[in-house]
């Protein structure tokens, strides 16, 4: 998943022809000094994959860039990919703005909890903060950090900002819990170090100022941490129906550590190394995907708790994740799309459906949000179809799932 280096991008797209004066000398140098056809092909293919359009200065590699129109094949028999490049670039800009707008509902989700905690702390009511599970907040924080690294590496500025604000707002809640002595001090100190390191490393990597070795170490850390936390959270959801144990986290964390070590020592195949490199993003996505499952499981076990849910909070969760769906579809990011649509449908609409079944919300409110969600999804794929010049939205969905 690492981006090509500046040096590889500077290679010519095709070998420069030898001048007439140098051609005899080059021929006389002998075949021992000439590159083999296979090495010459490898040299030519690398820059073609990295920079299909034109040479870009190395300085531009670290700047946020919009997606240009897909390259049109140079062969005479191929057909242009795009019918209207202008519409493609317009939809590129619009989807980026949608992703940036997701900050608003996500901030509105967290700010009421921060304000309530602050009022309780000022009133000396520290006991009230014990109702907020610090372990659950820490799990969400780790997910935000992992996704921040994923989007910062892809130079998706708007999505990276969403995750950054998620890290900061969640950490603010953890600070309040530590002040109320709800969160143990050693865990809070360790969390603070991880948050500070994660924000600094991601910023430096986004700007292109971070050595590759340090970034690999950070990616290994969030991969092992994510794989250790995810099975443990899934297991804990069904306690006391199953025994309370930390073995799932220990086992999965050990397996993740071994896999990362083997990948770094090149003991795995290229496909295996690529798979290990993608684990951090997928574990973070699965972590967030599990949160609505845990909530709906709680609703099933304790239907009376549904009346304590806020319909406005569920609506904000649906809006925030829904605003990021167009961008995920546009850049053909299956992981991002999977997490966003799962959260929109289950965490947002799914909980609203539970609330409607137990008559916690009105029929008009539920059907209005249901219609809005399906209209939004239809608009997303319809507009993406126009931008790419596809024949139908199913083509865009096929490209998203299976690649082009």
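All positions are counted from 1 along the displayed chain.
Just so it is clear, glycine is given a Cβ too, placed from its N, Cα and C backbone atoms.
Any TrEMBL annotation is an automated prediction that lacks curation.
If you look up TrEMBL, you'll see 131-152 (among others) marked as transmembrane segment. Through the fold, the transmembrane segment (131-152) approaches residues 113, 117, 159-160, 163-164, 166-167, 170-171, 173-174, 177, 182-183, 187, 191, 194-195, 198-199, 202-203, 205-206, 218-219, 222, 225-226, 229, 233, 280-281, 283-285, 287-288, 291, 335 of its own chain, all at least 6 residues removed from its boundaries and within a Cβ separation under 8 Å.
Sequence annotations record features per position, and here TrEMBL assigns transmembrane segment to 159-179 (among others).
If you look at the transmembrane segment (185-204), the same-chain residues 6 or more away from its ends with a CB under 8 A from one of its CBs are 134, 138, 141, 145, 148-149, 152, 160, 164, 167, 171, 174-175, 177-178, 210, 214-215, 218, 222. What TrEMBL records for 185-204 (among others) is transmembrane segment.
Positions annotated as transmembrane segment by TrEMBL: 216-235 (among others).
Per TrEMBL, transmembrane segment is recorded for 241-263 (among others). Residues 220, 223-232, 234-235, 272-273, 276-277, 279 of the same chain lie 6+ residues outside the transmembrane segment (241-263) yet bring a C-beta within less than 8 angstroms of a C-beta in it.
Note on the transmembrane segment (275-297): residues 1, 139-140, 142-147, 149-150, 219, 222-223, 226-227, 229-230, 233-234, 237-238, 256, 259-260, 263, 268, 335-336, 338-339, 342-343, 346-347, 350-351, 354 of its chain, located 6 or more positions outside it, place their CB under 8 angstroms from a CB of the stretch. Annotation source TrEMBL lists transmembrane segment at 275-297 (among others).
Tertiary neighbourhood of the transmembrane segment (309-330): same-chain residues 67, 91-92, 94-96, 98-99, 101-102, 104-106, 108-109, 156, 158-159, 162, 299, 336-337, 339-341, 343-344, 347-349, 351-352, 355, 360-361, 365, 369, 373, 376-377, 380-381, 383-384, 387, 396, 400, selected by CB-CB distance under 8 Å and a gap of 6+ residues from either end. Marked as transmembrane segment by TrEMBL: 309-330 (among others).
Per TrEMBL, transmembrane segment is recorded for 365-382 (among others).
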